[in-house]
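The annotation domain 'Kazal-like' is assigned in TrEMBL to 401-458. The transmembrane segment annotation in TrEMBL covers 25-47, 54-71, 91-112, 124-149, 161-185, 206-228, 297-320, 332-357, 363-384, 480-501, 521-539.
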Amino acid sequence: MIGGLTNTNISTLERRFGLSSSQSALVVVSYDVAFCILTAFVTYFGATANRPRLVGIGSAIFGIGAFVYALPHFLSPLYKFGDSTLTKYDVLQLALQLAICLLYSCSPSNATNCLPTDQGLMKFMFVLLFGQLLLGCGTVPLYTLGVAYIEDSVPKNSAPIYLGIANAASLFGPAIGFACGGYILNNFLQKMPYISLLTSSSDPRWVGAWWIGPMAMMTASWILVIPLCGFPKQLPGLTYGVILRQRLRCTGQIRAERKSEVHTNSKEEAENSELENSLKNFPTAVMRLFKNPAFCFLTLAGCSTGLTVSGGSSFMAKFIQNEFHTSAGTSAMLAGAILVPAAVAGHLLGGGLISRFQMETPAILKLCAFSSFLVACASPLLLLRCGNKAMAGITATYNRSNLTSGCNSNCNCQTEFYNPVCGGNGVAYFSPCYAGCPESSGYINSTIQVIMVYNNCSCLGVNETAHAGVCEASCFKLPLFLGLALFMVLLTFISHTPAVVVSLRIVPPSMRSFAIGLEWLFLRALGTIPGPILYGSFIDSTCKLWQSKECGTVRGSCWVYD
């Protein structure tokens, strides 16, 4: 839901509800805000409680959040994009639709025809934001108490393998989210009252059924509540380890036999172990962790990685869609093909290296630093990209920064609705009107889609025609970009599991849950929260053509990026 469907749906939600990248980034980071606010208190007071039961309660809250996230689909009006009047139950009304299309053709009578779009859609951004807040609340116990529960239940040398598998498993969900979300966006159109002029998902106005995934996640989360709550407070360890084929002792015996690697002296360690989890001792516990230099530097390293990974992963699908000219669904599946397998392999490889060579804490820290150094060296490779699509008045031909030119100055064109057409010269135009096309014709194909053709377009030349939709663009750099990005993601996530292992080793056993929670707090506050906001703001700064809503009084989402 979080790593897959949310990131897959960003460009679709922007199109559906008229959001900018900065606004969609606020929706994304609200999950991290809730996580950041709750994590310290949940981990501090939940360390001595039944941790699996708290994870089960979190799963129930997560299901409610997924339901709230999908609510805007059911509460919002039908999707309209400004060029549809043909009811989907009456194909014989094609003549009416063709007549409406003349409104977007070159005509001096268009001057006063301002047709306002659906009003009030912006309010649904707050519903999405509230849903994300609930999702963040629901995941706090899983990624903090759950991790500490696993680490407390297995021998020291086995912990990296188990944590690596747990982290890798948490990435198979995004794999399903990217794959299923991309398929749904490509093949299921948003509810509409009309037969659409959108002939394929490559049309920039296409809006897929983004809500199906969250509803499925709501059901899955609620199903998981009962089995999660059924786990005991402490695993008995009466069976053989499935992975390492060794007999597991009870968790208390495992903790007692461990060699301490805590960064403190024996007197302070004894004091830490006796520190009661009360509100009075909360500031003392925080200060003791801050006095641990290894813990502080690991936390700062996680913040820098989190900022880059959260911003990059949130907009990776949108980046591929705009830089390499793919549809929203295809870009989502490609982003999943990069992020998920490489991240899973990185988690497993990092945990496997520690277990295979039985690394102690200093060696693990060197491994993390080396992999991060390689990522920094490889980052300039991501400058690979395709050129801009040629669009008249935006990136090509007349005036370059103005849609109006001599060939369409008498047409009184509107900018209320984006209705792109592609001319025979390979240049796209904002609408048939801006291409200077006074005539249009159309037909319904075998899949009941209206195919529009515009004739005698003055901006294209004498007797030139244009067809509805954006121009196809060929670019062969995408496979190379995907390969390089996969390599960088692999190197990035190799250090993730080792960093978690070290964070658990260098603090007293009684403070492990709280240490993970405090680390997550700073990682969210300084990393994953500002990351999408910074990326979204930068992406907005490259917009060349904004959607015009409410007859030009409100700015919507971006149609064309540089």
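Cβ from N, Cα, C; glycine included.
Between the transmembrane segment (480-501) and the stretches 25-47, 54-71, 161-185, 332-357, 363-384, the greatest number of Cβ pairs separated by less than 8 Å involves 332-357.
Using a Cβ-Cβ cut-off under 8 Å and counting only residues 6 or more beyond its ends in the same chain, the transmembrane segment (25-47) has close neighbours at 2, 6-7, 10, 13, 19, 54, 125, 128-130, 132-137, 139-141, 143-145, 148, 277, 282, 285-286, 310, 314, 510-514, 516-518, 520-521, 524-525, 528-533, 535-537.
In the predicted model, residues of the domain 'Kazal-like' (401-458) average a pLDDT of 75.
Two recorded stretches are said to be in contact when at least 3 C-beta pairs lie under 8 angstroms, sequence spacing 6 or more; the transmembrane segment (521-539) and the transmembrane segment (297-320) meet this definition. The transmembrane segment (332-357) makes no contact with the transmembrane segment (206-228): fewer than 3 of their CB pairs lie within 8 A, with pairs spaced 6 or more apart in sequence. Counting Cβ pairs closer than 8 Å to the transmembrane segment (54-71), the top stretch among 124-149, 161-185, 206-228, 297-320 is 124-149. Sequence-remote contacts of a segment are chain residues at least 6 beyond its ends whose Cβ falls under 8 Å from one of its Cβ atoms, and for the transmembrane segment (206-228) they are 1, 4-5, 8-9, 12-13, 15-16, 52-53, 55-57, 59-60, 62-64, 66-67, 69-70, 72-74, 79, 131, 138, 177, 180-181, 184-191, 198, 200, 327-329.
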